[in-house]
Each structure stands twice: as C-alpha cells, then as structure tokens.
Amino acid sequence: MQSRGSRYAWLFLLPSLAGVTVFVGLPFLDIVRRSFYDAMGKRFAGMKNYSTVWSNQAFRLAVSNTLRFLAVCLPLLLLASFVLALFVYRGDTKHGVFKTSLVLPMAIPVASMVLVWKMIFCPDGVLNQFLSGISGQVWELDWVRGETSFGVLAVTYLWKNAGYDMLLWLAGMSAIPESLYEAARVDGAGGFDNLRYITIPMLRGTFGLVLILSVVNSFRVYREAYLLAGSYPSDTIYLIPHLFSNWFLKLDVQKMSTAAVMMTAVSVILALAVNWGRNRVGKGIGRRRRRRVGRRAG
C-alpha cells in the first residue's frame, strides 16, 4: 500500500519536476557551460572568466555592499519580527487591526511605496522640512543619495518584510503544543524560562526557513533601490542586482553567467550550513533533555 502511494505521489510530482528540469535545470547547465567559454561560446576559456569577474571592481563593490546589507539588516529583521510575533501571540493584543497593520506593507505596490518615500526623503521632502522646523536651520539633504542612502534602504527592507517574517514565526509558534507550556507552569517556570527552553528550541526549523526567505527577499530590495536612485545609485547601495542589470544591458553574457554560478555555489553552501547548524542545535537540545530526564529519574 505504501509503495502504491509513493507511485501516485511521484505521478503528481512528475509535471512539476519536468517543468523545473526543462525551464530551470537545463538553462542553468547551459549557464555553467557558458561560464567556461569565450564570448562566442566556441573556445574553452577555463577559469579566465572567473578571474575576470573576481577582479572586477564593480563586482567587488556590489558583493561587499550586499554582504554589509545582509550583516546589518538580517539580524535586525529576525529580531524585530520575532519580538512582534511574541507580542501578537502571547500578548493581549489579539485583534485583527493590529495584525493587519503589520502585514499591510506586503500589499502596498512598490511604485506607490517609493513615491511616498521620495516625498519623505527628497531634498524638499517632509523629513527635511521637519528637521528644519525643529532645528531652526535649513535642511536640504538628499537622503537617497550619498551615505544616508544605505539607512533608507535598510529601513525600507525592514518595513517591507517584518510583517511577512512575523507570520512565519507565528505559524511556528502555533505548532508548539500547549501542553509543554502547561507542564512548565506546573514546574514553576516563568515566562523567560518558557521562551528559553521551549519556544526558541521548538522554533529552530522555523528559524532556518525565516533566514533563507529573508536572504531571498533581500535581493528583491533592488526594486526599491532602482526606483529611488536609478541604475547607478550611490556606491553605498550598489548591490548585486544592479550589477547584473548593467551587465544585461551591455549583453555581457560571460560575466553574468560566471557571477550567477558563483552566487549559486555560495547560496547552496549557505543553505547547507544553515541546515547543518539547525540539526546540530537540535541534537544538542535532545542530549540536554535526556540528561535532565536521567537526573530526574535518578
């Protein structure tokens, strides 16, 4: 019976697998092939394309800015969304208006959001007028250009994705058996103990999902950066998608293919590292639980 069910499962998966193979797998293999050939695709170039891309100043700038953006924004996003999820799930605020206000940025079109952002952060925008009013000095700072553009983009990313990540955390919290908290209360555990020994360990699988999706969504911030500052923004927010867009306009297929292979390899390594770390944490939690059970039995 189980074997028959497996056959039916594969039968239903076959159309999707065929589509992924034809429209994703085969084109990616062609990209890998192109990364080792010259511009005409006839002469084998070895690692020359990889050396060219790695020594490209624009590539290094885009990679360093992307890593800096992830290093700053990812921890803030994970922490903010987790705190919001705790507040919604365990707090007294259960009504739908509050939840809707948190996920509303997901429904706002990017173009509309950028229009509001420009009204706020342009040289004669709302923010400069507010600062001029409280300081008595004239403020004409263009917040989307120069060093401040990184902060504007970071705020945009956090505002846009905090509600989405909060929903993922809430889904994970809803799957935690309430009996665990009841048993902890019987043993005299407080709120912080519940958070440390029950909520956080039980959310390790959700953490991996939230982390990966947050990284994926970080590349989508290119839309906001492009609409705010154009194809050639400030050096502080020149990200990898900007680089690919400019290479695409120049039809530089070799550089695009090579950089795509490099990014894919890094993404796979990071995903495997997250999965390994999650499993390692899970095994450590299991060992600690067995020790506590053994001490109680003894």
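Placement of Cβ uses the backbone N, Cα and C atoms for every residue, glycine included.
The domain 'ABC transmembrane type-1' feature in TrEMBL is assigned to 63-274.
Listed as Cβ neighbours of the transmembrane segment (7-29) (distance under 8 Å, sequence separation of 6 or more from its ends, same chain) are residues 264. Sequence annotations record features per position, and here TrEMBL assigns transmembrane segment to 7-29 (among others).
Feature annotation from TrEMBL assigns transmembrane segment to 69-89 (among others).
The transmembrane segment annotation in TrEMBL covers 101-121 (among others).
Per TrEMBL, transmembrane segment is recorded for 195-213 (among others). Sequence-distant contacts of the transmembrane segment (195-213) (same chain, six or more residues past either end, CB-CB distance under 8 Å): 74, 78, 81, 86, 164-165, 168-169, 171-173, 175-176, 180-181, 184, 189, 271, 274-275, 278, 281-282, 285.
Panel annotation: around the transmembrane segment (225-244), residues 58-59, 61-63, 65-66, 69, 110-111, 114, 117-118, 144-147, 149-150, 152-153, 219, 256, 259-260, 263 of the same chain, lying at least six beyond its termini, place a Cβ under 8 Å from a Cβ of the stretch. Look at TrEMBL and you will find 225-244 (among others) tagged as transmembrane segment.
Residues or ranges marked as transmembrane segment by TrEMBL: 256-277 (among others).
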